[in-house]
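Enquirer: The structure under discussion is supplied below as structure tokens; questions concerning it will follow.
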Amino acid sequence: MDKFQIQGNGPLKGEIRVSGAKNAALPILCAGLLTADTVTIDNVPNLQDTRTMLKLLRQMGMHAEMTGSTATLKGTDINSPEAPYELVKTMRASILVLGPLVARFGEARVSLPGGCGIGARPVDQHIKGLQAMGAEISIEHGFIHARASRLKGARVVTDMITVTGTENLLMAATLADGETVLENAAREPEVTDLANLLVKMGAKIDGIGTDRLIVQGVDKLHGATHSVVADRIEAGTFLCAAAASLGDLVLRDIPPLILDAVLIKLREAGANIETGDDWIRLSMSQRAQAVSFRTSEYPAFPTDMQAQFMALNAVAEGTARITETIFENRFMHVQELNRLGANITAEGNTAVVTGVPRLSGASVMATDLRASASLVIAGLVADGDTVIDRIYHLDRGYDRMEDKLSAVGAKIRRIA
């Protein structure tokens, strides 16, 4: 099982090109199920999760090829509208095939999902929405069975804001009979990116980027070409690493607007930040100031940046309170950061971080995707060597992280 060995050293300096967003690429790949035509997707990150999704689509009968960062999808021969447990258990986003399959083929059989172990993250909102659109759904032997002769437009009000739920219902609504209104819709840039692709494919969607999406169903969608939006979480992770290491880092191919809440907190921590249309530069001349925050839905502070900012706060001056409102059980990195010398206490959904001048290298274990990233940041600024075990979590969401960090001065390598 691969590990990272990191030798803490000086500041990160240089340039990094930001990859396409995993959380946009996965639903966008699923959108290929909605048409028999060819859909070409550029800027797809080379990740374990994207490879798993392509494998799942191929297993259903889709022609799905990946050349470099371009995926080519053709859904003429889909013959098995099923997502088996063997693939779904490793990736929660597999649930995103449910809406497209029911909408185009009238049936789907999808195993209940797995992925990172950070709380319940139930799929009941997906099911509730599809039932409102006329699908008959049952759950038997760990599988969601859905059937509908044709989905009907409906007004769907989810009980909570759910990104994958919004994406699933949005894709389903594109081929439904009549108008569907999705209230309390997620507004994340990745949802907007999916909606923009669907429009290119012939979908009729109003309210893109808002919490109220109005979809006029069409009889069929056609092929399109699309480029995946930049990964704001990858970008934020590298910015936190640069801030913690007192570095000077330029990120390319990232529109700063989608990272607004993170940039505000980095400035509050003392970072000097410059931006252009598609680049961000962060420089840090002194030890960061501790910053408190509360995670919430976009455009507020993202839960997927909570762990990275905890690592930054661990070496900052002062004390910060971090409140996690999106997922339960998302402080599993606290214990591992404390092994590196951090001073963090967690109770319920709030963690209190008192910064220390230095961390010290140790052997630690990654528990989920973003927790892994926080340990990398901590290792980069710790005295001595840090070894991070179970980095397969990291490979699910970061494209060649060690290569990108090495190019800007980090001493990090993958070991068996």
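Placement of Cβ uses the backbone N, Cα and C atoms for every residue, glycine included.
Among the features that Swiss-Prot reports, phosphoenolpyruvate binding site is placed at Lys22, Asn23, with the record citing sequence analysis. Sequence annotations record features per position, and here Swiss-Prot assigns UDP-N-acetyl-alpha-D-glucosamine binding site to Arg92, Arg121, Pro122, Val123, Asp124, Gln125, Asp304, Ile326. According to Swiss-Prot, the 2-(S-cysteinyl)pyruvic acid O-phosphothioketal annotation covers Cys116, on the basis of sequence analysis. Here Swiss-Prot flags Cys116 as active site, proton donor.
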Enquirer: Could you check what DSSP calls Asp124 (UDP-N-acetyl-alpha-D-glucosamine binding site) once collapsed to helix, strand or coil?
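Expert: Helix, per DSSP.
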Enquirer: Restricting to the same chain and to sequence separations of six or more, state which residues have a Cβ under 8 Å from that of Gln125 (UDP-N-acetyl-alpha-D-glucosamine binding site).
Expert: Thr158, Asp159, Met160, Thr162, Gly165
Enquirer: Radius 10 Å, atoms counted are CB only; among the binding-site residues Lys22, Arg92, which position scores highest?
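Expert: Counting every other Cβ within 10 Å of each candidate, the maximum falls on Lys22.
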